[in-house]
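Pulled from TrEMBL, these are the features on record:
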type     : residues : note
DOMAIN   : 1-60     : domain 'V-ATPase proteolipid subunit C-like'
DOMAIN   : 77-136   : domain 'V-ATPase proteolipid subunit C-like'
TRANSMEM : 40-65    : transmembrane segment
TRANSMEM : 77-100   : transmembrane segment
TRANSMEM : 112-137  : transmembrane segment
Amino acid sequence: MGCCCAIVLSNIGAAYGMAKSSIGISAVSVMQPQNMIRNLLPIILSSVLSIFGLITSILIASALVAPSALHTNFLHLAAGLSVGLSCLASGFSIGVIGDAGVRGAAMQPKMFVGMALVLIFAEVLGLYGLIVALLMITQATAGATHCGP
């Protein structure tokens, strides 16, 4: 479940961020096609969110063994939810900020620097979830006792 939560929720956040930002980029690129490459920053930052989920899913999947403690399984689920939900929230914020920021930067070019800073802060939300997930995965087997035969 942790693998599934990590990859699915982070990809939903990344997809929303890309879709919402692409609307603004498409609208602005009709008027100013020379700024299209510069305005791809929200798309690039959204795609990083899916990589966060992929990293966590690979680490959880590689740590799965047949007889495992309940403590380990719950920490894997918590790690998947941590990165998944934080990337989901980050993707939503990147989408809204990217759409409004690209449209604002088209009207006033000085807005691009402010948009870039706010996008980086929104991306850090997903990075926080990844850091917490990595800490949980590394501690998942520490001190766990196996019950049963």
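Using N, Cα and C of the backbone, Cβ positions are placed for all residues, glycine too.
No curator has checked TrEMBL annotations; they are predicted automatically.
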Take the transmembrane segment (112-137) and find every residue of the same chain, 6 or more past its ends, with a Cβ under 8 Å from one of its Cβ atoms.
6, 10, 13, 38, 41-42, 45, 48-49, 52, 55-56, 59-60, 63, 75-76, 78-80, 82-87, 89-91, 93-94, 97-98, 101-102, 104-105
Just give the helix, strand and coil counts over the domain 'V-ATPase proteolipid subunit C-like' (77-136), going by DSSP.
57 helix, 0 strand, 3 coil
So what pLDDT does the domain 'V-ATPase proteolipid subunit C-like' (1-60) average out to?
94
With helix taken as DSSP H, G or I, strand as E or B and everything else coil, how many residues of the domain 'V-ATPase proteolipid subunit C-like' (1-60) land in each class?
56 helix, 0 strand, 4 coil
